[in-house]
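A short worksheet on the structure shown next.
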Ligand code: AP5
């Protein structure tokens, strides 16, 4: 089973990914986590991504596509993947189709977490209090990330709606309720 967890910044994708890993044993592929690891190690890729991320912009498509390609290839025999934070543009979605074909896998379902903008900002402020992410600290950057989502990432939902594999979950509910709703979808996909 391969799934995409989709939604705006602070919608709860990382939180729900942890729940899904525990219950379904999938491999978590978070492009945000992979980029932060590169930044921490001080690699050339990390250095080039740092300013874009800290300012709230997306990194170039080819960078994240390359990272995902490596991860799929090195985890070929896993039970499946949770793609978290990828794809974030329509060209990335097209590239993922290509990678799936190349590696003999397919995306079973895309789960879109819906959360209102005011709630995203509230969650951002709360997470910013304990987070060491530079992109969590500045209200201007938080606002920018939400705008970038609306302009560049939201159209990806339509891409998967057209394929008939897009399911929405109300991300305004409690973490536990959101996970129950996700589980209903994943259990029906598994059958
Ligand atoms: P990334 O790390 O992917 O950031 P994101 O998608 O914006 O996701 P977040 O980690 O900010 O939020 P989340 O949805 O995981 O929410 P969380 O579970 O933490 O990307 C960072 C940057 O890297 C991007 O801005 C971009 O520059 C770059 N990048 C990454 N991927 C890229 C790509 N594919 N292409 C180009 N660039 C890319 O929850 C948030 C908070 O809310 C937490 O405190 C949590 O406890 C709380 N919470 C969660 N659920 C609930 C709930 N139901 N009720 C109340 N509180 C909740």
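Including glycine, each Cβ sits where the backbone N, Cα and C put it.
Copied over from TrEMBL:
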BINDING   31, 36, 57, 58, 59, 85, 86, 87, 88, 92, 133, 145  AMP binding site
BINDING   127, 173  ATP binding site
REGION    30-59  region 'NMP'
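Proximity to ligand 1 (Cβ under 6 Å from any of its atoms) holds for these binding-site residues out of 31, 127, 133: 31, 127. With respect to their backbone Cα atoms, residue 59 (AMP binding site) and residue 127 (ATP binding site) stand 22 Å from each other.
Whole-number maximum of the Cα to Cα distances across the AMP-binding residues 31, 36, 57, 58, 59, 85, 86, 87, 88, 92, 133, 145: 24 angstrom. For residue 57 (AMP binding site), the Cβ neighbour count at a 10 Å cut-off comes to 16, with all displayed protein chains included. Summed and averaged per residue, pLDDT over the region 'NMP' (30-59) gives 96. Ranking the binding-site residues 31, 173 by C-beta neighbours within 10 Å puts 31 at the top.
Counting residue by residue with DSSP, the region 'NMP' (30-59) contains 22 helix, 1 strand, 7 coil. Taking the Cα of residue 127 (ATP binding site) as the reference point, the closest of the binding-site residues 31, 57, 86, 133 is 133. Neighbour count (other Cβ atoms within 10 Å of the Cβ, all protein chains): 20 for residue 88 (AMP binding site). The Cβ of residue 127 (ATP binding site) has 15 neighbouring Cβ atoms from other residues within 10 Å, across all protein chains displayed.
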